[in-house]
Amino acid sequence: MNADEALKSLKKGNTRFTQNNLTHPNQTEARRREVVSGQEPFAIVLTCSDSRTPPEIIFDRGIGDLFIVRTAGNVTDDVAVGSMEIAVEEFGVQLIMVLGHENCGAIKFAISESDFKGHIGSVMDKIKPVIEEAKKQPGNLQDNVAKENVKLVVEKLRNSQPILTKFISEGKLKIIGGYYRLENGEVEIITE
Ligand SMILES: [Zn+2]
């Protein structure tokens with residue numbers, strides 16, 4: 001499936017979800033058996049670890065459909081990029097969606113705190129750089145930081161050498177950014 005078809009499929013699934021018209025595709029025993037010997041996911045989703053943003057549910061998909069990386073604040077690092085590279089190289093996935101969301105705890109924490117325990121600072125250090133830019137914008141600061149963070153992660157991935165840049169230049173990979181609204185369940189595309 002190419003990137004445009006993959007995006008169309010994600011959008012359709014999200015519409016089913018928001019309209020309360022779920023079809024739960026690929027969640028049967030038959031599907032489970034079908035993908036034992038191999039997988040062909042059609043999209044990679046990098047989203048927040050937040051318990052309210054499970055990709056298979058908000059895009060109404062099933063087993064073997066989505067290759068998912070989740071970190072608090074949907075930030076990326078070498079392990080996350082390496083995971084996505086596996087899906088691009090080995091499974092031929094042509095679309096990566098970086099998905100941020102409304103009322104994100106990690107974003108809120110990055111805005112309001114400066115002293116972090118344990119390894120939490122490793123996450124916060126990734127978010128902090130976009131806060132100043134977001135402060136210049138009108139509207140809700142937390143939303144703006146979350147959206148700027150998505151854009152930053154999209155840019156980082158688009159410039160990630162050598163694998164992601166290669167597939168992008170060959171026209172075999174698109175990386176886009178989305179924003180999920182907790183209240184109505186809608187995913188808005190903010191970077192295409
Ligand atoms: Zn979050």
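Yeah, the Cβs are placed from backbone N, Cα and C, and that goes for glycine too.
These come from TrEMBL:
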| type | residues | note |
| --- | --- | --- |
| BINDING | C48, D50, H101, C104 | Zn(2+) binding site |
| COMPBIAS | 15-28 | compositional bias 'Polar residues' |
| REGION | 1-33 | region 'Disordered' |
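Listed by sequence, the residues of this chain that lie at least six past the ends of the region 'Disordered' (1-33) yet keep a Cβ under 8 A from its Cβ atoms are 42-43, 57-65, 93-95, 97, 173-174, 176, 184-187, 189. DSSP gives C48 (Zn(2+) binding site) a strand state. For the region 'Disordered' (1-33), residue counts in helix, strand and coil come to 21 helix, 0 strand, 12 coil, using DSSP. Compute the center of the Cβ atoms of C48, D50, H101, C104, which mark the site for Zn(2+); besides them, the chain residues with Cβ within 8 Å of that center are T47, S49, R52, T53, A72, G73, N74, G100, E102, N103, G105, A106, I107, A146, Y180. Under DSSP, H101 (Zn(2+) binding site) is assigned to a strand (E or B) in the three-state scheme.
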